[in-house]
């Protein structure tokens with residue numbers, strides 16, 4: 001019997017995002033060191049303000065460093081009808097499993113300047129699986145998911161001429 005588990009990963013971040021993340025996280029570490037250095041000699045109000053500014057700068061740099069580092073992975077277990085969005089920050093992974101109740105169909109449709117692949121469940125809820133600029137790649141990915149789940153696919157790459165394909 002064929003396994004009904006799917007794993008989709010964003011993969012690695014582009015090099016420029018990893019460089020920015022490293023720069024922001026390095027700046028955050030420097031801010032912490034300066035904060036504790038100023039805190040040790042903070043007898044005056046001026047030093048207290050400087051340490052508060054360093055703390056604010058740390059928060060900004062750390063949050064930007066994390067934002068440029070986090071990768072999202074999607075886990076689908078269709079045997080048990082559940083999915084998990086997993087956020088990965090280096091070796092740290094976190095996310096919780098959520099249940100699909102009624103899987104209905106897969107849709108591929110054009111949205112502005114890209115194509116969206118969605119999994120519809122519970123009558124009107126959808127889960128965005130992927131986005132791509134190539135209509136053929138979008139349809140092929142949607143078709144593979146629909147085959148694996150034994151669901152229909154709605155091909156709405158042309159919004160005025162959508163068609164339902166039954167598997």
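Just so you know, glycine gets a Cβ as well, placed from its N, Cα and C.
Heads up, TrEMBL stuff is auto-annotated, nobody curated it.
TrEMBL lists 20-39 (among others) with the feature transmembrane segment.
If you look up TrEMBL, you'll see 51-71 (among others) marked as transmembrane segment.
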Could you give the residue numbers and ranges of same-chain residues that sit at least 6 residues beyond the transmembrane segment (20-39) on either side and whose C-beta is under 8 angstroms from one of its C-beta atoms? 13, 47, 50-51, 54-55, 57-58, 61-62, 64-66, 68-69
Beyond the flanks of the transmembrane segment (51-71) by 6 or more, those residues with Cβ under 8 Å of it: 9-13, 17-18, 20-25, 27-28, 31-32, 34-35, 38-39, 42, 87-90
